[in-house]
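Trainee: Here's the feature list from TrEMBL:
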{"type": "BINDING", "residues": "A:C86, A:C91, A:C120, A:C124", "note": "[2Fe-2S] cluster binding site"}
Amino acid sequence: MAGTVPTTESARATTTRELATAGRAQRGPLLPILHAVMAEHGWVSDEDIAVIADVLNLSRADVHGVVSFYHDFRRTPPPAHRVQVCRGEACQAVGAQALYAAAQARFPAGGDVEVGEVFCLGNCALGPSAVLDGTLVGRLTLERLDTAAAGWTA
Amino acid sequence: MTTVWVPCDAAARAVGADEVAEAFAAAGATVRRNGSRGMLWLEPLVEVETDAGRIGYAAVRPQYAGDILAGNHVDLGVVEDHPWLADQHRVTFTRVGRHEPTDLAAYRSDGGYAGLERALTLDPADVVAEVTTSGLRGRGGAGFPTGIKWETVRKAASDLKFVCCNADEGDSGTFADRMLLEGDPFSLLEGMTIAAYAVGASEGYVYVRSEYPDAIATLRRAIDVARAGGWLGRHIAGREGFTFDLHVRVGAGAYICGEETSMLDSLEGKRGEVRAKPPIPALVGLFSQPTVVNNVLSLATVPMILADGGEAYAALGTGRSRGTQVFQLAGNVKQGGIVEADFGITLRELIEGYGGGTRSGRPLKAAQVGGPLGAYVAGDQLDLPMDYEAFAEAGAMIGHGGIVVFDDTMDAADMARFAMEFCAKESCGKCTPCRIGSVRGVEVIDRIRSAPDADSRHQAFVLLEDLCTTMEKGSLCAMGGLTPMPVRSALRHFPADFAQNPPVDSDKNPPIVHFSSEGSTS
């Protein structure tokens, strides 16, 4: 495929290539490189996959297979805000399902706020738990969720 | 100036510890950040240094800072004398909560690296023998004897061997690995270094789940500090030729990567698919080299075993379950947190004694022990001793020591369905019984609950039992193999729940349990 490597790359592809090249020397480099790409761009694009495959001498299918296996690697740009509600058993024991349903109703799909599920945040004694824009919150209530959200939509 | 300790543990931060720390700093105190004592229902649990010891204050809010510093706030007394803590037998967790997590000098002065120093005076084979003598079994859930695993790796001939720590603590209701990583990371580093010396490994990896950002940051800092202090890298502790270094790898949200072979594939940069065994990882592990794979708690217990001798550890516990287990009280429990106790303690002592019953105050219905793949244990089984064999006999398992308490609003059929749904979502997809069986499991449970008559319900029950057997016997790993455990136990103890119609709307979900005792000091 050497003939298909473009001579000019987008700025994003150049950044991704730098990240992949920097991470290439370690053992089993693909996951650390994908984490670096996520940290830089917030998601993994088709172009990123092609560049990483090129740097690591893997097929694009190999890289795509790894990206699609793990929940953390997004294939779409991240929303403005994220609510990740824990649906693990320990949080369910203190009402996580009701909270998850309420959060989904409060923030309909397609808006600025993305509601997702996560299975265990390790805060099982102080549930229900959720991650609000990257911050772990315990003993979560609907009121607390609304307070956080008020700051987002204002 | 008064020194105030405010935990930096993620659970404490999740209920406002950072804001509390800022308030104390603004009020003129010297703020230091320790790990959590594990009395999580009291978080943020602030400790003020006095001549009498560190005095505790429970559920502190930022606005209490002034009163606490002035001595005008109700206190808990000396934290280490608190009966909930003093009654425990802390071995693995002995230092967690006492120090700043990456304070190497504090670690050293509190017994740290004594185990490695003694290990380095022994032959590698004798180090393995100490671990075998201790009776230590893998704390990740399977309970395999650690010494036997190490001996296999030690005897394997290879120029390159690895020590891998499985910190992919994905089981709901478990948080001991996280708290140890955040509260006493050097004990894990020391345990891994001892393992490396014993088996002849030169490289180690800690695979931490991405859901634990605080643990990852603390661990990385600890590795840097240990390396700078000569406890990692070349010529460790001045010993010529002993080289071992550690790398942190972060998971990416896949529960299955807590399974050891799946974790190894993930470390290699692949999809985290389970490998067929044999060959066992001890012989053909990471990058096909002989590899020790142990859980955080197993490895963090090793320094104590080497420091005090295997027999001291073996003297604790009951039957073939030697030593202590770090139990985690979670879910609908009044006093949740870490209880480290000798094996043999009963479930009742843990849930009703330490736990104080349900948080909601309603009657207990069940406890799920050992994570999402563990059995639901009913209220009449609470006198079961915590012992691998006793639990296995009762059709349950201890797993990683997590205990999730449910009150009587729990719907056992919902939880059985969730077990199948979870397996369907998190299956690696490699074997059919797990990948397809779990999807069918959800469908069959739905069919049971919406069955128009007793005959069709009975047929669906037969099908579910058949499906459970297929998953149990035919799956490659414990994910598919053990998902039937919560399902069958729910069915066995609470058959009436399966006779109802499924919830038609979210109003039937159990209510959110508010934390009513917040601010109390009990």
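Glycine is no exception: its Cβ is also placed from the backbone N, Cα and C atoms.
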Trainee: If you count the C-beta atoms lying within 10 Å of each candidate's C-beta, which of the binding-site residues A:C86, A:C91, A:C124 ends up with the smallest number?
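Mentor: Each of the binding-site residues A:C86, A:C91, A:C124 was scored by Cβ atoms within 10 Å; lowest is A:C86.
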Trainee: Please work out the number of neighbouring Cβ atoms within 10 Å of the Cβ of A:C120 ([2Fe-2S] cluster binding site), leaving out its own Cβ.
Mentor: 30
Trainee: For A:C91 ([2Fe-2S] cluster binding site), what is the secondary structure state per DSSP, taken as helix, strand or coil?
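Mentor: The residue in question, A:C91 ([2Fe-2S] cluster binding site), is helix (DSSP, three-state).
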Trainee: Once the DSSP letters are reduced so that anything not helix or strand counts as coil, what is A:C86 ([2Fe-2S] cluster binding site)?
Mentor: strand
Trainee: What does DSSP call A:C124 ([2Fe-2S] cluster binding site) in the simple three-state scheme?
Mentor: coil
